[in-house]
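Summarising the annotation, Swiss-Prot assigns active site, phosphoserine intermediate to Ser64. Look at Swiss-Prot and you will find Asp14, Ser64, Asp444, His445 tagged as Mn(2+) 2 binding site. If you look up Swiss-Prot, you'll see His125, Arg155, Asp156, Arg187, Arg193, Arg263, Ala264, Asp265, Arg266, Lys336 marked as substrate binding site, on the strength of sequence analysis. Sequence annotations record features per position, and here Swiss-Prot assigns Mn(2+) 1 binding site to Asp403, His407, His463 based on sequence analysis.
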Amino acid sequence: MTTRKRPLALLILDGWGYRENTQKNAVYHANTPVLDRLNAQYPNSLISGSGLDVGLPDGQMGNSEVGHINIGSGRIVYQELTRIGKAIEDGEFDKNQALVESIDKAIANQGAVHIMGLLSPGGVHSHESHIEAMCRLAVARGAKQVYLHAFLDGRDTPPRSAKGSLAHFDDLFTTLGTGRVASVIGRYYAMDRDNRWDRVSQAYELITEGKSLHQYSNAVEALEAAYARDENDEFVGSSAILDAQGDSAQLADGDALIFMNFRADRARQITRSFVDADFDGFERNVTPKAHFVMLTEYAADIKAAIAYPSTNLVNTLGEALQDSDKTQLRISETEKYAHVTFFFNGGKEEPFKGEDRILIQSPKVATYDLQPEMSSAELTDKLVEAIESTKYDVIICNYPNGDMVGHTGSFDAAVKACEAVDTCIGRVVDALAKVDGECLITADHGNAEQMTDEQTGQAHTAHTSELVPLIYVGRNGSIENDGRLSDLAPTMLTLMGEEVPSEMTGRSIIKLDE
């Protein structure tokens, strides 16, 4: 006989921040009767999901990976942006074994050092200061051929903001006396994470064959031509930057290829195309035997050198639930599935004992403003079914809409996205009430609450540093002020009457009435 559970659900509304300014604030302007009612009826507060409170530099906007690691681990986890920045500052970066060995092997082979990554000051997937340090290191160790393959942002930065970065690196290579920007392509292609291999193949062929839609003599010219085609940074078509002889820089046997993204989810697919022997995402015309380095570990089964291996997080929420013989469900759409599983578990791929997972396919559309509801209805169908089954003690669910639609820059679509999520929350809360369950409703970071950049007038497609909501739909009580994401796991364990592991430095911020 199956024991009936009283589930505690954590609903993470991705990209759903709180902002006083209501101008182009999709969260404010959306018709959200369910959340309005819950805010009026239940304990609620605002908590921090950015900057020092999540292990990022002061003032740095939060992001989904960082948010879920902090939530799931119950502690402030110092992020790779901070960790690698510090290594550069104190000189440790220049001695990093994986980086140094790859450069030295390429030089010994009379080969080239290829550096690829998101060329952006956004700090979400990469930081251009890290890429600059890598270029400087390659030249300092004697590399005569240094090629930068620039993936352009426009999601975590304004849609047309790459010119300054490309111009800076042109100047940098002039100063260094060698090296150049060798190719330019939007992250839409190079950093897909939804198995749209036709996109990734364009970046792969650009780097390995020099195959491109466009050819230019310098990177800024390539960008200006893209803007003339009405392509924002994110969507810049494959552009080879040719040398004085009209040749493109192509990855060859014996070269080094160093991937400077530190965030895993959007780095995995293109990495697999370079390193997996049995890769079948698309037909590869060439497979250069290069020395590939991942800046961080993108997945446990990817066989490549790692410059900065993951720090081991023990006694995360998932592990604590396992040790207490509790059952748990992780559920989301494709776009945020890795966040409620891999990242929430502190970078561990394998499920814990008693942990089930449900993946709902995200819709196959070019950009999510075309379908702002995404797959939220189907996700909620499965979530309600899981709640009604009373199989699970804890359910972790992410609704991606606020973030994924917020990134498109479309205010009207972001409003629709928020409204779709509100409808779904109503169904979930009703289902929980029927089984005497409870839930916490929160967000990992902001996005949809600011859809216009007030300084430039451009669409605001990036995350924000705003506080995020926290609502407790359950017993009578109150929520303490000054909470942060790392307080959620200790709070959940306390609500369940479970012991909080000593490794969790967050605190329980919900006080139940006597």
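The backbone N, Cα and C atoms fix where each Cβ goes, and this holds for glycine too.
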Cβ density check for His445 (Mn(2+) 2 binding site), other Cβ within 10 Å (all protein chains) comes to 28
Of the recorded positions listed as Ser64, His125, Arg193, Asp403, the one whose CA lies nearest the CA of Asp444 (Mn(2+) 2 binding site): Ser64
Between the Cα atoms of His463 (Mn(2+) 1 binding site) and Ala264 (substrate binding site), find the distance and write it as a whole number of Å. 18
Determine which residues of the same chain, besides Asp403, His407, His463, have their CB within 8 A of the center of the CB atoms at the recorded Mn(2+) 1 site, and list them by sequence. Asp14, Gly15, Asn63, Ser64, Arg155, Asp156, Gly402, Met404, Gly406, His445, Asn447, Ala448, Thr461, Ala462
In all the protein chains shown, the tally of other Cβ atoms within 10 Å of the Cβ of Arg266 (substrate binding site) is 22
Who sits close to Arg193 (substrate binding site): which same-chain residues at least 6 apart have their Cβ under 8 Å from its Cβ? Asp265, Arg266, Arg268, Gln269, Thr334, Glu335, Ala338
May I ask for the distance between His445 (Mn(2+) 2 binding site) and Asp156 (substrate binding site), taken between their Cα atoms and rounded to an integer number of Å? 13
How many Å lie between the Cα of Asp14 (Mn(2+) 2 binding site) and the Cα of Asp403 (Mn(2+) 1 binding site)? 5
At the level of the C-alpha atoms, what whole-angstrom distance separates His125 (substrate binding site) and Ser64 (active site, phosphoserine intermediate)? 10
